[in-house]
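**Q** Before I ask anything, let me first share the structure, which is written out below as structure tokens.
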Amino acid sequence: MLDVCDLVKRFHTPGGETVRAVDGVSLTVRPGELVALYGPSGSGKTTLLKIVAAVIAPDRGHVLLDGRAITGLSERDAASYRLHRLGLVLQSAHMMAGLSAIENAAMKLIAAGIARDEARRRMMPVLERLGLDARADHRASSLSMGELQRLSLAKALSNDPPLLLADEPTGSLDTVRGRRVLRLLRERTRERATATVIATHDPQAARFADTVYTLRDGRLDTAGG
Amino acid sequence: MSLRNLLWFWWRRFPHRAKHEELFALVGIAVGVALLFAAQVSNRSLGASVAKLTDGLVGDAQLQLKARDARGFAESMIPAIERLDGIRAVAPVLEAHANVVRDGRERSVTLLAADARLAHLGGSLVRGAAAVRLDRLDAVVLPADVGRTLTAAVGETVAIQTRGRKVDAPVAAILGANHLGPLSASPIVMTSLRFAQRATGLNGRVTRLYVLAEAGQSELARSHLERFARGRLDVLPVAHDERVFAQLSMPSDSSTSLFAGISALVGFLFAFNAMLMMARERRGLIAEMRMSGFRASAVVQVILFDALVLGAGASALGIAIGNLLSKGVFEPDPGYLAIAFPIGTARVIEPATVALALGAGMLAALAAALVPLAATYRSRGPMDAIDDDGLDPGRRMLAPRRRLLLTGLGCLLATTAILAFTPAAALAGMATLVAAMLLWLGPLLGFVVTALHRFQRRLASVVPTIASGELIAASTRSMAISAIAAIAVFGTTSIEGARVDLQRGLDPNARELTEVTDVWVSPRGDANLLATSPFPARLATERIRRSPAVMSVSVYRGAFLDIGDRRTWVIAPPRDATTPVPQSQIVEGNPADATARLREGGWAVASEAVAQQLGLTVGQRFRLDSPRPATLRLAAITTNFGWSPGVLVVNADDYRTAWGDGDASALQVRLSEGTLPAAGARAVERALGPGSPYAVQTASEREAGFRATTRAGLSRLQQVAALLVVAAALAIAAGTAATVWPRRARLADLKLVGIGAGSLWRAQLLESSILVITGAAVGAAFGLYGQQLLDRALNSVTGFPVVHTLGVTSALASLGIVTAVALLVVAIPGWWATRVPASAAFDD
């Protein structure tokens with residue numbers, strides 16, 4: 001379970017102004033629950049995800065995953081947390097063009113020290129589920145935008161994480177492909193009891209969520225389900 | 001677009017520029033320009049030193065009547081010359097090798113003497129000295145540099161040792177750069193003609209006569225002078241010495257040109273890599289301008305103006321750094337050239353040198369700026385070329401390509417044909433060899449990368465996976481990194497290998513030339529290394545013979561004689577010399593026959609270049625334009641004994657006839673049975689008395705002197721090899737920075753996945769290692785072939801004695817050094833790039 005408690009993150013603009021990107025946000029995401037953070041650009045969604053992903057530290061407040069603090073981790077522990085406990089899907093997928101789709105998808109498993117054959121064996125069902133099995137041995141550079149987005153999802157799910165974060169996962173996809181990705185996210189959340197958070201300004205994405213939080217100027221306005 | 005608009009546009013965009021990348025480009029171009037500038041200043045200063053001396057002496061004179069030996073010609077001939085039609089003024093000069101000594105300090109100099117008539121020609125040198133009334137001077141004028149060496153002051157006395165004599169001379173003046181310009185650092189001592197004639201014992205003689213012809217009467221004056229000279233004196237243009245110097249300094253110039261070329265290449269690589277780093281920003285600007293409706297010509301103007309501003313700023317910085325480098329690192333080193341010319345060590349910065357450096361910097365910036373411009377206009381839509389992540393979609397795969405391999409094979413065959421049939425064109429062979437190497441490098445790298453990709457599947461580490469992933473997607477920049485390593489190792493292996501081979505050829509030559517006797521006695525002075533300063537030897541010979549340590553004393557003669565533009569080293573060994581010609585240096589003709597014919601008389605042995613200059617083959621008769629022209633036959637052809645213009649060996653009697661005097665230039669002393677060389681040399685010194693003007697050396701001491709001078713002459717080649725390593729390391733670092741910098745988004749993504757910065761850095765290092773080691777190994781293999789080519793080139797073009805070897809050790813050392821230095825330097829941009837925060841992956 002993900003607990004976010006009274007998070008505050010301020011940034012200083014070049015003009016000397018202080019912007020509260022995240023301003024006293026608290027929320028909880030249970031296992032098997034898909035939460036959508038809905039809001040316009042600049043509302044603080046991505047900053048919130050960055051804090052939960054332990055890539056930036058909050059100025060105040062804390063984040064707990066299954067009771068263990070995420071905020072204040074050392075760089076090494078933060079990397080280990082992201083490798084073993086977190087799955088991340090971003091709007092732009094930066095794959096390694098020289099590696100095959102399955103090698104890219106299995107990157108987390110390889111980094112965790114799992115043998116390549118075993119990593120491949122584990123990844124094939126995930127790729128099948130995402131409709132990428134026929135493209136498993138193709139180079140990432142030859143995949144389409146939609147395939148890359150699904151590959152990114154496969155990589156995020158490869159370590160079967162208890163927490164899945166997605167930043168604008170449908171931002172670079174058309175409506176049909178976007179819907180397919182959202183459906184996959186919801187199914188996966190249910191099946192593996194994953195706590196999933198999607199940051200989006202796509203109204204369609206909100207419809208797939210169990211709970212929708214609206215963020216405006218860093219503040220959590222409303223919640224619906 | 002008007003200049004005003006271009007300036008406005010440039011200024012408005014200034015705050016939004018990619019400043020780190022611009023700075024990188026600026027520094028990169030500046031480094032290349034600095035190296036080019038420093039190398040050019042170092043080299044041109046030597047030539048300029050000779051030109052300034054000529055200018056300072058001759059003023060407006062157009063012709064010179066030059067003696068063919070150090071004894072010169074009778075001054076009494078001058079009035080008759082002055083009366084010749086077409087001649088307006090003449091000025092006699094006497095030059096002699098000398099050694100100037102004070103309180104145990106000494107300096108090898110050229111004694112330069114003239115009278116008031118020289119001032120009529122308008123030479124700048126005399127204007128400065130005129131203040132001390134040159135004509136009536138019974139003293140010497142020292143340039144500041146010589147004065148400093150001797151710690152002499154005006155009014156003090158220095159000793160002048162010349163032609164086996166020693167005279168004391170008060171110092172009349174010490175002239176600095178304000179009077180003499182760069183000549184204030186030249187090894188010359190100026191005095192009056194009368195004083196110099198007394199000091200040298202050449203009373204009533206001069207070595208040169210500078211001639212100012214009446215306006216438009218130069219040819220008439222020349223023909224009269226030639227008739228007057230009767231084939232015993234040379235009638236030459238005043239610039240003759242500069243041409244002779246150019247011929248003499250050809251090997252040094254070639255290595256400096258190579259040095260300058262490499263510097264220019266380094267600058268260009270820096271600029272090119274830096275511009276590639278800025279390509280995204282530039283492409284964005286071009287695309288925006290195209291979208292806004294700017295015409296192509298306006299876009300080109302803006303981009304080229306950017307490059308010009310950058311190039312001009314970087315070149316100015318480079319020239320400033322180069323100026324410091326030329327003072328501290330690449331000081332002009334006369335080396336072996338000082339044996340034949342009084343060359344100063346002053347830096348001479350000519351406008352052409354500044355223009356060249358400035359032009360090269362601008363050209364590098366302009367050429368590199370054309371890359372994004374061409375890429376943008378090649379793309380279909382204005383915005384297509386912006387989304388570049390550092391990969392080159394068209395050239396991703398490093399796969400073996402048959403066409404490349406076959407073309408490379410063709411180049412290699414062409415190289416082999418050049419090596420076998422036309423070694424004189426060996427430098428063209430180097431070009432085809434480098435082309436073959438670069439054509440094969442891609443496929444070979446592809447093979448290594450494929451092997452790594454297969455191997456990494458067996459390893460439980462993410463490091464080789466990332467490295468092989470990046471290598472498979474290798475862009476042209478990765479290929480460039482490997483190519484730089486290949487070129488660097490190729491260059492160092494071939495240049496260093498050829499240098500060692502040349503040294504191996506010169507060392508036995510030095511031994512054979514010096515070991516013919518136990519002890520050598522010759523006039524003192526570093527510039528007399530080849531024993532070319534004549535002296536009357538009777539008194540010294542008698543004194544030495546009286547020593548019980550001495551068994552015999554023989555007269556050795558040597559001199560320089562200009563054959564065309566070649567200041568040829570003429571050697572006349574003693575009559576009883578066992579080996580008048582070093583046997584190992586004979587390249588054409590029978591050594592035993594050559595020795596016998598030399599002893600017989602009427603025969604000579606010439607080096608390849610001299611034989612070529614005179615159009616001779618073994619057995620042919622030729623006229624030698626010596627002080628008294630003689631007819632000789634060619635007995636054999638040799639190497640040049642390490643003296644690049646060439647060598648001529650004649651019999652002692654033939655020399656005496658052709659030179660018309662019995663002066664020695666060295667005495668060869670054979671020691672009594674059981675006397676050790678060092679003890680014998682001390683005995684000879686004692687026999688000559690204290691303060692003697694002679695240097696007494698054992699054969700091994702003289703050999704060491706030869707070796708030291710040839711090593712100094714080859715030092716520029718060592719500098720080139722060292723520069724290649726440094727340049728390669730810097731260029732590889734620049735290339736790596738240009739390659740990894742655009743990858744930061746991907747690196748951040750890998751960090752977000754949970755892969756630590758350490759693993760990413762190790763992956764970068766592994767990738768760089770594979771690129772560098774593969775390139776270096778290919779470079780080493782081709783470098784060994786290049787060494788054979790350079791050996792042949794040195795041998796056939798310059799006539800140096802070269803021992804052909806296969807420098808495997810040198811190749812391995814080059815490979816190791818380039819790899820180690822490159823990886824150490826490459827680690828920095830790699831580490832820098834992997835510091836990218838994981839949060840950057842969120843940025844679109």
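For all residues, glycine too, the Cβ spot is worked out from N, Cα and C.
From TrEMBL, here are the annotated features:
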DOMAIN    B:24-220  domain 'MacB-like periplasmic core'
TRANSMEM  B:258-277  transmembrane segment
DOMAIN    B:258-375  domain 'ABC3 transporter permease C-terminal'
TRANSMEM  B:298-321  transmembrane segment
TRANSMEM  B:354-375  transmembrane segment
TRANSMEM  B:404-421  transmembrane segment
TRANSMEM  B:427-452  transmembrane segment
TRANSMEM  B:720-741  transmembrane segment
TRANSMEM  B:761-785  transmembrane segment
TRANSMEM  B:806-832  transmembrane segment
**Q** Between the transmembrane segment (B:720-741) and the transmembrane segment (B:806-832), are there at least three Cβ pairs closer than 8 Å, leaving out pairs fewer than 6 positions apart?
**A** yes
**Q** If we call contact 3 or more Cβ pairs under 8 Å (sequence gap 6 or more), are the transmembrane segment (B:404-421) and the transmembrane segment (B:427-452) touching?
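**A** Counting Cβ pairs under 8 Å (6 or more apart in sequence), the transmembrane segment (B:404-421) reaches the transmembrane segment (B:427-452), since there are 3 or more.
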**Q** Against the transmembrane segment (B:806-832), which of these stretches has the most C-beta pairs under 8 Å: B:298-321, B:427-452, B:761-785?
**A** B:761-785
**Q** Same chain, outside the transmembrane segment (B:427-452) by at least 6, Cβ under 8 Å from its Cβ: which residues?
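**A** Answer is 397-401, 404-405, 407-412, 414-415, 418-419, 464, 467-468, 471-472, 474, 479, 482-483, 486-487, 490, 494, 770-771, 774-775, 778-779, 782, 785-786, 789-790, 793.
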**Q** So what's near the transmembrane segment (B:298-321) in sequence-distant terms, Cβ-Cβ under 8 Å and 6+ beyond its ends?
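**A** Non-local partners: 1, 6, 9-10, 22, 25-34, 36-37, 267, 271, 282, 285-286, 289-290, 354, 357-358, 360-366, 368-369, 372-373.
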**Q** Mean pLDDT for the domain 'MacB-like periplasmic core' (B:24-220), rounded to an integer?
**A** 87
